[in-house]
Each structure stands twice: as structure tokens, then as C-alpha cells.
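To start, the structure under review is shown below, and the notes come after it.
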Amino acid sequence: MLLWLIFFTPGWTLIDGSEMQRDFTWHLRKVPRIVSERTFHLTSPTFEADAKMMVNTVCGIECQKELPTPSLSELEDYLSYETVFENGTRTLTRVKVQDLVFEPTQNTTKGASVRRKRQVYGTDSRFSILDKRFLTNFPFSTAVKLSTGCSGILISPQHVLTAAHCVHDGKDYVKGSKKLRVGLLKMRNKSGGKKRRGSKRSRRETSGGDQREGPREHLQDRVKAGRRRKQSGGGQRVSEGRPSFRWTRVKNTHIPKGWARGGMGDAALDYDYALLELKRAHKKKYMELGISPTIKKMPGGMIHFSGFDNDRADQLVYRFCSVSDESNDLLYQYCDAESGSTGSGVYLRLKDPDKKNWKRKIIAVYSGHQWVDVHGVQKDYNVAVRITPLKYAQICLWIHGNDANCAYG
């Protein structure tokens, strides 16, 4: 009942009076162009890195304030990207950035220094999605599970967005990523299998004739029994099934050079995202990519995401919480989460400018519970990597193969 209220209550009822006058609308904006310049063949990776659900100490929001704004050439280096294919071959694509307008640094939220050193803060506020009515429908059906232990989200008929560290540790690809698979949610019967077809026909043939030749009252009894079963079990059938996964191989993986640094420095948390192309297209409804607004333009300052937390085996876990701090590239938040949920797509629900309904879009990738350098002191945060105009343009290029459909986001 609580989930029903959350997802079917109009968005404006979740906003307090002070926010009623704010513009909570998706606004299309022109984004920079990212153009592929040249592609090089690289040596095949060894796929020997250990998968890490937590990145080593990184430069976070406070640390980034002390760094100079990256130049255009530095941005082009970070946004150049590696592609690793299912046969183990690897390429590097250099890009050029055009029509870039540098944006001012985001003002961070006050009072964000208070943290508790746990991934679950106080009372666990996560929801396990067990009801088939929710589990197999949008937006929960967009969540996927990676064979390396992370989560991800469907953003096209053939693409999954996830965290880069789920497949690459910054220096090499993790073990198991050469034969990476993605699990899409499906429901299975209690018996664990499908009903065999043709069983009625076989029974008729075994009995030696058409069952319509039997007494009429037997047929009526069977009809009545079927009705009783339907009436008694109809309300329970929704929750009878258990979630399982239909696994699909990954055709290729794209990772920004800002993360895949090799031996040329530490991976930058700002670029902890990757795109997976599936070998087979799916038929599920996917979630569109959006550009992350500021906290002030998020209803209640709230974000949402669903993933497969390791402490709840094979259960899809949903949560929503407020954002506590932001920079141009990162969001800090108090969402309760455990390892396994990293790579989940963080989304918002805002008004569609052309319609009266509210629409969900992905605005960040959950990077997980990270140790962040704050003025030389290590502190732990739950971090999400924002979809900026540049990252939107890059991911759009990965999906379409060119920038023709990536002018606005």
C-alpha cells in the first residue's frame, strides 16, 4: 500500500508549500557536441583486476574546490573512451568537444559535513519489491543485475548504464568482465519451470478418444472446480512467483578515459560510469537519460533508485532520500544502500513540458559508499555521479554511434 501511494500520488502532493511556486519541469537544453576524431587499437586487457564495490580514497566535492577548472584539452582527454569487445579486443577513441559553454561551480549545501560511518543510516528505509504488479512494470523493470555483482539500468532497447568500477578498477578490467552478462528481471512459477504444452492432448490420446464423449456432468464439474480455484487463488497469484533473471551477453563496453587511466594516474570519481551494449535487444520499457538539475530544482530535494543489494539476495530494493550536497559532477546523499546496488540509475520525476503528466529520467549513476578526501581527512559518503551536459552528449554518442540525435538533452 505504501509503494502504491508513493508511485501513484501526483508529484505536487509530495512538495511542501514553500516549493509550490518552483519550476519542477524537464527543460530541453542544447548540449555540447562530442565528435569522434580517431580510433586506435590497443593491446587486449588481461581481465585480472578484482571487482571492488568501494573505490579507494577519491577527490570529492571539498577536494575538487581546490583544483583548477579543467581545460578544453583535458576535458577531451577525459571524455575520450575505451571500448572492449566480447572477443577481448580493445580500442581507444579520441574525441573533440565543440560548442562547450563552461558553467559556474555549483554552490554546495551547508551543513553537509555531518556523517555516520554506515551505508545504512539509522533505521533501514529500503523497500524490497516483491509484488509482481510492481516488479515487472516500469520503473522497477528497468533495473538489471550484472554478473560482476553490481546493478544497472536500461536506457535503450539494447543498452545498460552502470558504474565504471563494476567492470574496470581504473587500471584493468575486472575478472569476469570478458564474458560479462546482464540479468533482466522475469518472474518464475513456484514449480520453477514452465508448463508443458500438449499435456491435454496427450491425455485425450491416452484415454482413447475425445473427452467430449464423456458424461456432461463431468464437464460441468471441471468448469465449477476451475472457477473455485480462480476465485480462491486470484488474489494470491500476484505474489506467487519469485524473481529470476534472463541473462544476456554483453557485446561491448564503453568506459571514459577519465576512469580508465591505466598507469597514468588515479581514476576520477567524476567519470565512474560505463555503457554496456547487449547482444540481443530487449522488449522492456526503458528509462530515458536526462541532465541532472540542481538540488533546488528537485522536488523535495529527493532522488530515487533501485538495485540488487547483496544483503537481500535476488531481491530488487527501492529507496528514495534527500540529496545533502552537490558539485558540478557529484551528488552526496543519505540513501540507505549496501554493496550490489552500485551502478544503479538515479532518477527524478519531473513534469513533461509538452504534457501535463510527470516523467522519470535518469540523472545520475550510483557510485556507492566511497571514502572521500576532505582537507586531508578521509570521510565516508554515499555518492552518485551526475549526468552533466558533456556526459549526456558522450553517452548519447555511445548509444547512437554519432551525435546527430544528441543536440538537446
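One is the number of the first residue shown, and numbering goes on along the chain from there.
In case you wondered, yes, glycine gets a Cβ from its N, Cα and C as well.
Disulfide annotation in Swiss-Prot: Cys166 is bonded to Cys150, selected among Cys63, Cys150.
When Asn107, Asn189 are looked up in Swiss-Prot, the one carrying the note N-linked glycosylation site is Asn107; the rest have no such note there, which does not rule it out for them.
Spatially close to Asn87 (N-linked glycosylation site) yet at least six residues away along the chain is no residue at all, judged by Cβ distances under 8 angstroms.
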